[in-house]
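What Swiss-Prot says about this one:
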- THR11, GLY12, GLY13, ASN117, ARG160, SER208, GLN310: UDP-N-acetyl-alpha-D-glucosamine binding site (BINDING)
Amino acid sequence: MKKIILVAGGTGGHFFPAVALGEELIKRGYEVHFITDLRCKQYIKQDMKVIFHILDLKRSGNIFLFLPRLSIAVLKAIKLLYNMKPSVTVGFGGYPVIAPMFAAIFLRVPIIIHEQNSYLGKVNKFFASFAKKIAISYAKIKNLPEFAKSKIVVTGGVVRENIRELKVIEMSSRGLTTGSKKSLIKALDSVVKPRNDKLFTIFIFGGSQGAKLFSELIPASIQILMQKQPSLELNIIQQAALDDQVKIKDIYSKLNITYAFAEFFDNMALQYKEADLVISRAGASTIEELTYIGLPAIFIPLPSAADNHQYYNAQLLEDEKTGWCLEQNNISAGKLADKILELISNPKILEDASQNLLKRRKEGHKLLSNLIEEVI
C-alpha cells in the first residue's frame with residue numbers, strides 16, 4: 001500500500017481541510033500519515049482514520065534560536081520519512097510544514113503544496129521551486145512567482161465531509177419569508193426557544209482570534225439594529241468565551257432575541273444549517289465551507305493574519321459579489337448594523353450572493369486527490 005504524508009499545523013483552518021483530504025485518500029486505498037504540531041493536537045479525534053505524528057517547531061524572532069530548533073526538527077522529520085518511505089508529501093503552508101518539507105526534499109520525495117488563500121504565503125512561496133505541483137483555491141492568486149505558473153492547478157479548497165453532506169438550501173427559502181427555525185440547535189447551551197418559525201438567523205464565530213472582538217462588537221450592533229427596526233425577529237448563534245456570555249445574554253434577553261452560545265463549535269454543519277447569514281473572519285477554510293453550501297457572509301478580516309491574506313480573501317469575494325468585507329480598523333457597531341439591516345431588508349441580495357457562491361464551488365477533495373495520484 002502506497003503511503004502519503006500530509007503536513008499541516010498551527011490552526012484548525014489548516015488542520016481540518018488536511019484531515020478531509022486524508023479521508024478521501026484513504027477511501028482510494030492509500031495509507032495516510034499526518035504530521036502536525038502541538039497546537040493542533042487538541043483537534044485530533046479517535047474516529048479520524050489518518051495516522052498522526054506530532055513534530056513541533058517553536059517559532060522565534062531570534063534567528064540564532066530558531067535555526068538550531070529547525071535543524072533538530074528537520075533531523076527528526078528525515079528519520080520519520082525515511083522509515084515511512086512515502087510516495088509523496090503534501091504541505092498546506094505555514095511554518096509547521098517547514099521541517100517535513102525540507103526532509104522530503106532531502107530524501108527526494110515528491111512534494112505538492114496547497115495554497116488555501118488568495119495570496120501565496122511565504123512558506124509556500126519558498127517551497128514553490130521544489131514542488132512538482134502547486135494546488136490553489138483561487139484562480140486569481142497574488143504573490144505567485146512567474147516560474148511557478150506552469151505548476152499551478154486550481155483545485156479549490158478541501159471541505160470537511162459533514163459540511164459537504166449538508167443539503168444546499170436555496171436562499172429564497174430562508175429568513176423572514178418562509179424559513180423554518182423550529183429545529184434550533186439542541187446541542188448548545190443557553191438556548192431560548194424561538195417565538196415563531198420566521199426568525200432570521202445570524203451565525204457569528206471568530207475563532208480564538210476573533211471571539212473577543214465579536215463579543216463586544218456584535219451585541220452593540222444588534223442593539224442599534226433593533227432600535228432601527230424593532231419588529232425584526234432575530235436568532236443569534238454566537239461563539240463567545242464563558243466570561244463574555246453573561247453580559248451578552250443580558251443584552252439579547254432585554255431585546256427579546258433568541259440566542260445560543262458556545263465557546264467552540266465541534267460540528268459547524270449544525271450551525272450552518274440554521275443560518276441565513278454568517279459574520280466571521282475570512283480564513284480560507286471558512287470561506288471554502290460557506291462557498292460549498294452557498295451561505296453568504298459579512299467578513300471582518302483578521303488584520304494580523306500573515307501577509308494580510310484574510311483581507312485579500314474577503315476583498316476578492318466582495319469583488320465577485322459573493323460576500324461583504326468590513327475592515328476591523330474601520331468598522332463600527334453602527335456600520336455593521338447598517339450592513340445587516342441592508343441584507344435583511346433585501347433578500348434578493350442574499351439570494352444572488354448565494355447563487356454566486358455556488359457557481360465558484362469545486363469538489364476540492366476529489367480534485368486535489370486526483371492531482372496527488374498524478375504525481376505518484
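Just so you know, glycine gets a Cβ as well, placed from its N, Cα and C.
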Taking THR11, GLN310 as the binding-site residues to compare, which has the smallest set of other Cβ atoms within 10 Å? THR11
For GLY13 (UDP-N-acetyl-alpha-D-glucosamine binding site), the three-state class that DSSP assigns: helix
Cβ neighbour count (10 Å, all chains) around GLY12 (UDP-N-acetyl-alpha-D-glucosamine binding site) is 19
